[in-house]
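Enquirer: Can you read through this structure? Questions will come right after.
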Amino acid sequence: MQITNKIHFRNLQGDLFGGVTAAVIALPMALAFGIASGAGATAGLWGAVIVGFFAALFGGTPTLISEPTGPMTVVQTAVIASLVAADPDNGLAMAFTVVMMAGLFQIAFGLLKLGKYVTMMPYTVISGFMSGIGIILVILQLAPFLGQASPKGGVIGTLQALPNLVSNVRPVETLLALMTVGIIWFMPSRWKKFAPPQLVALVLGTIISITLFGDLDIRRIGEIQAGLPALQLPVFQADQLQRMLIDAAVLGMLGCIDALLTSVVADSLTRTEHNSNKELVGQGIGNVMSGLFGGLGGAGATMGTVVNIQSGGRTALSGLIRAMVLLVVILGAAKLAATIPLAVLAGIAFKVGVDIIDWGFLKRAHHVSIKGALIMYAVIVLTVLVDLIAAVGIGVFIANILTIDRMSALQSKAVKSISDADDEILLSANEKRWLDEGNGRVLLFQLSGPMIFGVAKAIAREHNAIQECAAIVFDLSDVPHLGVTASLALENAIEEAAEKGRAVYIVGATGQTKRRLEKLQVFRFVPESNCYDDRSEALKDAVLALGPHESEDSPSSSSVQTTY
């Protein structure tokens, strides 16, 4: 297996343009996310360089651009705040350790080939937690948007402090933030071809703050340390280890989802197919290295990836070029960033938060499915007010329960029992003949489709509806999968029939279905001679074994079908 991503020089010009353009987009976003996280602008910048470089080098999506993203920043903001509050001296170092641990989780997910399962999550849950993350990012920008420091306590703390924030608003900084949002929102599309709106807003906001409001006390980034970052060795504390592990697992899983969803977008634009497991390994390596050098964790960024592709990027070389361009800018122009107003960065992050919210699905979710909409709203509320683990866990659980209920209801209709020719079951002429000759004494019990645990009740109900018969033919020809619970229900039906002296025949038990019945020792109730591959033969032998019908008091040949 190739260790590195797909890199060649046949598309050098396109990759060069894509990488440079993606770097221009990344610069203001990295600054904004670094400040928003509480780790500082430097952490955001180095996260953009390091995650982007290693994810591009070792990942499985040639055109993916990786960097700190809105969802990852929201989680890291909470991690940094909680660890710094618990240990002011080592909290930030432990937060970077969490980023490294998150990367190790991602590498493990990739090596275990769990990539294909990461995005197998109901869209209502994905939409809900992404929208919740967007709302959190918007709320967390309210304080710097109003020209003040972010209060402690995250979302709840910000909402509680909102009256005080509004009463002490700094109009100039709020004006700069509003101007930033306005430029990003309303910049004409034809201008965006020449310069990304985030960079335009960053430059204009900084120039205006210096030229028009230079004599005012405006909060700015301040000095950014020049030179390469120092090595941040992992720091652990016994009393914080459990929290760090949980935070790392959440951050790692969120990064996996974020990256692979963006990889799907890249596939649709380039008509290629990414390697999800390889991508997770690349993302993990990037985050381990970023945490090791004091950078924020990152994931696949939709905006940067789309811009890269639209500018001509087609191989991982574009991601490597982007990282190198950012590195040169950081080393050569770090001092210029010191004058950037925090309100401008808050405006950029605010707009990112608004964009993360899944407005398209929010507007029509209730038209698609009321239950799905309720799940999405519940996940949003839990994400914003409780935490991401509870939101995703509860959302996935409820969504899966509802899905299983629907599947069980559909599969229950495939459990049928008849004692004469019936339109519900497609029978051949011979099968109809033998059922008619059975005169109600032979019952055909048919199961079809995957038999999951929700169908067990239908099997029991159908079996309980049987009144009188001398022989039962269990047709499993169309059962590709027999779950444990459904197997036990079938075993119970066969055992009860045998105890009542009824002849039992099994048709079409092959593969996984047969192995499951063998493990449950169901065939102890059924002689080997009563196991058939052909339903017609089973019905014929069942009727012949019973002999001629002798009494008018024997069971009626009318249908005893019950369908669920």
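First residue shown is number 1, and so on along the chain.
Note: Cβ is positioned from N, Cα and C throughout, glycine not excepted.
According to Swiss-Prot, the protein has these features:
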BINDING   T69, A301  hydrogencarbonate binding site
BINDING   D258, T262, G300, T302  Na(+) binding site
DOMAIN    432-542  domain 'STAS'
TOPO_DOM  1-11  topological domain 'Cytoplasmic'
TOPO_DOM  59-70  topological domain 'Cytoplasmic'
TOPO_DOM  87-90  topological domain 'Periplasmic'
TOPO_DOM  113-122  topological domain 'Cytoplasmic'
TOPO_DOM  146-170  topological domain 'Periplasmic'
TOPO_DOM  186-196  topological domain 'Cytoplasmic'
TOPO_DOM  212-240  topological domain 'Periplasmic'
TOPO_DOM  270-275  topological domain 'Cytoplasmic'
TOPO_DOM  293-302  topological domain 'Periplasmic'
TOPO_DOM  358-369  topological domain 'Cytoplasmic'
TOPO_DOM  406-564  topological domain 'Cytoplasmic'
TRANSMEM  12-37  transmembrane segment
TRANSMEM  41-58  transmembrane segment
TRANSMEM  71-86  transmembrane segment
TRANSMEM  91-112  transmembrane segment
TRANSMEM  123-145  transmembrane segment
TRANSMEM  171-185  transmembrane segment
TRANSMEM  241-269  transmembrane segment
TRANSMEM  276-292  transmembrane segment
TRANSMEM  303-312  transmembrane segment
TRANSMEM  316-338  transmembrane segment
TRANSMEM  370-390  transmembrane segment
TRANSMEM  393-405  transmembrane segment
Enquirer: Considering only the recorded stretches 12-37, 91-112, 171-185, 370-390, 393-405, state which has the highest number of Cβ pairs under 8 Å to the transmembrane segment (123-145).
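Expert: That would be 370-390.
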Enquirer: How many Å separate the Cα atoms of A301 (hydrogencarbonate binding site) and T262 (Na(+) binding site)?
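Expert: Answer for this pair: 7 Å between alpha carbons.
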Enquirer: Tell me which residues of the chain lie with their Cβ under 8 angstroms from that of T302 (Na(+) binding site), as long as they are six or more apart in sequence?
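Expert: In sequence order, L261, T262, V265 meet the Cβ cut-off.
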Enquirer: If you count CB neighbours within 10 Å, which one among the binding-site residues T69, T262 has the smallest count?
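Expert: Taking T69, T262 as the binding-site residues, the minimal 10 Å Cβ count falls on T262.
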Enquirer: For A301 (hydrogencarbonate binding site), list the number of other Cβ atoms lying within 10 Å of its Cβ atom.
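Expert: Cβ-Cβ neighbours of A301 (hydrogencarbonate binding site) within 10 Å number 28.
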Enquirer: Given the Na(+) site residues D258, T262, G300, T302, which other residues of that chain have a Cβ within 8 Å of the mean position of their Cβ atoms, reported in sequence order?
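Expert: Filtered neighbour residues, in order: L64, S66, T69, A259, L260, L261, S263, V265, A299, A301, T305.
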Enquirer: What stretch, picked from 171-185, 241-269, 276-292, 316-338, has the most CB pairs under 8 A with the transmembrane segment (370-390)?
Expert: 241-269
Enquirer: Do at least three C-beta pairs under 8 angstroms join the transmembrane segment (41-58) to the transmembrane segment (316-338), pairs 6 or more apart in sequence?
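Expert: Counting Cβ pairs under 8 Å, at least 3, so yes.
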Enquirer: For the topological domain 'Periplasmic' (212-240), how many residues does DSSP put in helix, in strand and in coil?
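Expert: So the topological domain 'Periplasmic' (212-240) is made up of 3 helix, 1 strand, 25 coil.
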Enquirer: Excluding the flanking five residues on each side, which residues at least 6 beyond the ends of the topological domain 'Cytoplasmic' (113-122) place their CB within less than 8 Å of a CB in that stretch?
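Expert: Residues 253, 256-257, 260-261, 264, 275-277, 279-280, 372, 375, 392, 395-396, 399-400, 403.
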Enquirer: Around the C-beta of D258 (Na(+) binding site), how many further C-beta atoms are within 10 angstroms, looking at every protein chain?
Expert: 24
Enquirer: Expressed to the nearest Å, what is the distance separating G300 (Na(+) binding site) and T69 (hydrogencarbonate binding site) at their Cα atoms?
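Expert: Here the two Cα atoms lie 8 Å apart.
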Enquirer: Ranking 171-185, 276-292, 303-312, 316-338 by the number of C-beta pairs under 8 Å to the transmembrane segment (241-269), which range is first?
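Expert: The stretch I would name here is 276-292.
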Enquirer: On the three-state reduction of DSSP, what should I expect for G300 (Na(+) binding site)?
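Expert: Looking at the DSSP assignment, G300 (Na(+) binding site) belongs to a strand.
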Enquirer: In whole Å, note down how far the CA of T69 (hydrogencarbonate binding site) lies from the CA of D258 (Na(+) binding site).
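Expert: Answer for this pair: 9 Å between alpha carbons.
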Enquirer: Using DSSP, would you call T69 (hydrogencarbonate binding site) helix, strand or coil?
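Expert: Reduced to three states, the DSSP call for T69 (hydrogencarbonate binding site) is coil.
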